[in-house]
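Here the structure comes first, spelled out in structure tokens, and everything after it is commentary.
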Amino acid sequence: MNAFKPLVFSGVQPTGNLHLGNYLGAIRKFVALQEDNDCIYCVVDMHAITAQLVHSDLKAQTRSIAAAFIAAGIDPVKHIVFNQSAVPQHAELAWVFNCVARIGWMERMTQFKDKSGKNAEQVSLGLLAYPSLMAADILVYRATHVPVGDDQKQHLELARDIAQKFNIDFGGHIRNAGLGVNITVGDEPVHAYFPMVEPLIGGPAPRVMSLKDGTKKMSKSDPSDLSRINLMDDVDAISKKIKKAKTDPDALPSEVEGLKGRPEAENLVGIYAALSDKTKADVLAEFGGQQFSTFKPALVELAVNVLAPVNNEMRRLLDDPTHIDAILSQGGERARTIAEKTMNEVRDIIGFLR
């Protein structure tokens, strides 16, 4: 049971060009969630400096993410769209959570291990503490649900651990301050200030793979631009990339089982399924037995029809950066109001003078 008011939070880093995987795996899901939920969507620019401190185009990339949110259909009036650094309460709560969390928790994070590799002593403290800031991003609004991909599930589990430890460590203070609500964690009743945030995982294409290697996730950082379809790609670029996408010589199977061991075929079928809101089985019922020379043009047409309106609206918005800045500023003001209420209560719970 969760007695907290339902609230969805998610964020996207302003690093590299947004691509089809970001759209299908995250942004389109954000749009769908806003229909039945109160939502806060954040451009997490503070996270962007954890692995690379100096960026030449951070402001432009931040505007690009905001433009993509709005172009895809997110309503910045009904919901909140802002950039993380505009709300200093994120950093303040992250410091509290740094003191709640244990170093061992951070060092066990798979993403930290992957990014630090054998050079852990050379990476920033910010990269190690990334999950603590992510927990603060969510919990400074006491959000209850977060749409996440598989690569962020572990970080969300850590956010739950941090929330639970805070609730337990300060349980008496929370009650004495007249704050918190009664929830159930497992079978145990708990008086909690922070919710046990739940992941929202799923959708027809939660993982879109590289167009050049079906075993690797489509990535902003891949050196080959042919490996991904960027949201800012024009019709010619989309067509070229799909036509050059790696495939195998066999025809498409008639059943999903036949895609096993064929990662590139499975990726393209999965992309078609996601863009058309169909299942892979539906796609194979239509194209099974056909060669990629037939399937790829159909995929090009579908991708262009879905992405061109988003692309055009993004370009229109980016032509007027002051408008985007105004949207982010208004969203930041609304976000700060919520976050400051949380931090005032957290300060009281901890015992900070204010």
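Placed from the backbone N, Cα and C atoms, the Cβ positions cover glycine too.
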Record-annotated ATP site (Swiss-Prot): member among Val31, Val208 besides Gln13, Pro14, Thr15, Gly21, Asn22, Gly149, Asp150, Asp151, Lys217, Met218, Ser219, Lys220, Ser221: Val208
Integer Å distance between the CA atoms belonging to Asp137 (L-tryptophan binding site) and Thr15 (ATP binding site): 18
Fewest Cβ neighbours within 10 Å, where candidates are the binding-site residues Asp137, Asp150: Asp150
Other CB atoms, at most 10 A from the CB of Thr15 (ATP binding site): 20
Close in space, distant in sequence - Lys220 (ATP binding site), Cβ under 8 Å, 6 or more apart: Thr15, Gly16, Asn17, Leu18, His19, Asn22, Arg228
Conformational class of Asp150 (ATP binding site) under the three-state DSSP mapping: helix
Most crowded position, judged by CB atoms within 10 A, among Gln13, Asn22 as binding-site residues: Asn22
